[in-house]
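Asks: Provided herewith is a single structure, encoded as structure tokens, for subsequent inquiry.
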Amino acid sequence: MSYQSNFQSPAIGNSFDRQMMQQCLQLARKAIGKTSPNPMVGAIIVRDGKIVGKGFHPKAGQPHAEVFALREAEELAKGATIYVNLEPCNHHGRTPPCTEALIAAGVAKVVVGMVDPDPRVAGGGIERLKRAGIEVIVGVEEEACRQLNEAFVHRTLYKRPFGILKYAMTLDGKIAATTGHSAWVTGKESRHLVYQVRSACDAVIVGGNTVRQDNPYLTTHQVAAHNPLRVVMSRRLNLPEQANLWNTDEAATLVFTEVGSNPELQKQLLTKGVEVVEIELLSPLSVVKYLYDRGLSSVLWECGGTLAAEAIAQQTIQKIMAFIAPKIIGGQTAPSPVGDLGLERMTEALQLERVTMRAIASDFLIEGYLSNRSTL
Ligand SMILES: NC(=O)c1ccc[n+]([C@@H]2O[C@H](COP(=O)([O-])OP(=O)(O)OC[C@H]3O[C@@H](n4cnc5c(N)ncnc54)[C@H](OP(=O)(O)O)[C@@H]3O)[C@@H](O)[C@H]2O)c1
Ligand SMILES: [Zn+2]
């Protein structure tokens with residue numbers, strides 16, 4: 001079974017099926033930011049047109065969505081239809097396979113949003129269910145299912161976390177004034193949206209200059225309970241002794257630096273509960289590899305242009321979120337969102353795909369995807 005088999009095809013399933021799948025996605029979203037390295041999954045069991053069981057996967061190590069839904073439905077699951085946004089698992093992980101639980105419960109039909117993105121297991125769960133005589137429909141609301149779990153899909157396919165570069169710039173393309181002052185480029189509605197984006201991500205990354213210049217918090221400012229891991233990349237660790245990121249009561253902070261840098265500050269950071277990781281050659285790629293190994297699926301880059309350029313060049317960024325404020329700051333040396341990429345002709349520019357634009361109060365948000373086949 002090919003992973004993208006139904007991606008571009010017209011609507012699959014009837015309108016009730018699609019409505020149920022959208023509800024699965026809503027359920028799945030209840031655990032947004034909390035499931036990595038696992039996907040967000042919601043499941044709904046329907047019997048005679050009525051919902052008799054619901055569930056979602058709350059976090060890795062906990063039961064899968066199907067199990068919660070089956071527990072709620074009890075014996076009503078027999079002969080029922082279950083809707084689930086991701087193909088039911090067919091292997092023994094930390095929990096037993098959901099396919100076996102569905103077969104044991106006697107469900108008659110399974111409606112799946114998308115197949116498992118891992119090519120080694122894709123279709124295995126569906127095949128197992130079919131072999132047990134269960135009717136299976138695949139690809140209902142598939143695009144929305146893929147969108148919700150885009151980070152999980154990327155992590156599974158490429159063995160790297162999904163990277164989002166977010167920046168706020170003026171209409172003349174500056175992310176700060178010539179002095180480095182940047183509070184605030186955009187309005188409060190845009191900043192509120194950024195807090196929500198943070199809550200959906202596993203980590204947020206900045207470089208040393210941003211810590212020195214902006215002293216950011218990088219938290220969700222209480223719009224959501226989940227804060228991402230706050231990550232700083234600093235080669236020489238010439239960072240202030242006091243900084244908002246060193247207060248780890250509300251959210252954890254991890255500092256990547258090069259081996260042997262500023263041992264004095266390293267010691268101080270450790271006493272404040274900040275984790276310090278020394279890497280031989282600090283680079284965006286080495287950092288995301290480390291974060292992948294820690295089980296992270298999504299990383300939000302909120303750095304300035306120097307680090308952003310490195311991160312793009314090393315293909316650690318897959319998606320761009322550009323907030324644009326209708327104001328002009330000017331300044332020959334005022335920083336812009338992306339530093340030097342070594343490109344000399346406009347024909348070499350990185351073309352975004354699947355671009356969308358929307359208004360956020362008086363700002364605009366343009367989102368798009370960088371191709372993974374970029375030849376930088
Ligand atoms: N408007 C916005 O959206 C926005 C967002 C972020 C920042 N800013 C502004 O951007 C300016 C800072 O820009 P910046 O480009 O210097 O950003 P940055 O986010 O501080 O990144 C650069 C820093 O990253 C560290 N780094 C570690 N490894 C690196 C590597 N392999 N390649 C490059 N850098 C590496 C270095 O820290 P060390 O020097 O400590 O070694 C370097 O100074 C500030 O004025 C800030 O206000 C604006
Ligand atoms: Zn499962």
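Note: Cβ is positioned from N, Cα and C throughout, glycine not excepted.
TrEMBL does not curate its annotations; it predicts them automatically.
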Asks: According to TrEMBL, SER182, ARG198, GLU302 bind substrate; so which of LEU157, LEU218, LEU281, LEU282 is the extra one listed there?
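Replies: Same substrate site in TrEMBL: LEU218.
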Asks: Which residue counts does DSSP give the domain 'CMP/dCMP-type deaminase' (15-137) for helix, strand and coil?
Replies: 46 helix, 28 strand, 49 coil
Asks: Give the subset of the binding-site residues TRP184, ARG198, THR210, ASP214 lying near ligand 2, defined as CB under 6 A from any of its atoms.
Replies: none
Asks: Using a 10 Å cut-off, grab the number of neighbouring Cβ atoms around the Cβ of GLU66 (active site, proton donor), all chains included.
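Replies: GLU66 (active site, proton donor) is surrounded by 29 other Cβ atoms within 10 Å.
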Asks: Quick one: which residues besides ALA168, TRP184, THR210, ASP214 have a Cβ within 8 Å of the NADP(+) site's Cβ centroid, in sequence order?
Replies: ILE175, ALA176, SER182, ALA183, VAL185, PRO216, GLU302
Asks: Please report the DSSP secondary structure of GLU302 (substrate binding site), reduced to three states.
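Replies: GLU302 (substrate binding site) sits in coil per DSSP, no helix or strand.
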Asks: How big is the gap, in Å, between the Cα of CYS98 (Zn(2+) binding site) and that of SER182 (substrate binding site), rounded to a whole number?
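Replies: For CYS98 (Zn(2+) binding site) versus SER182 (substrate binding site), the Cα atoms are 50 Å apart.
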Asks: Using a Cβ cut-off of under 6 Å to any atom of ligand 1, determine which of the binding-site residues CYS89, CYS98, SER182, LEU218 qualify.
Replies: SER182
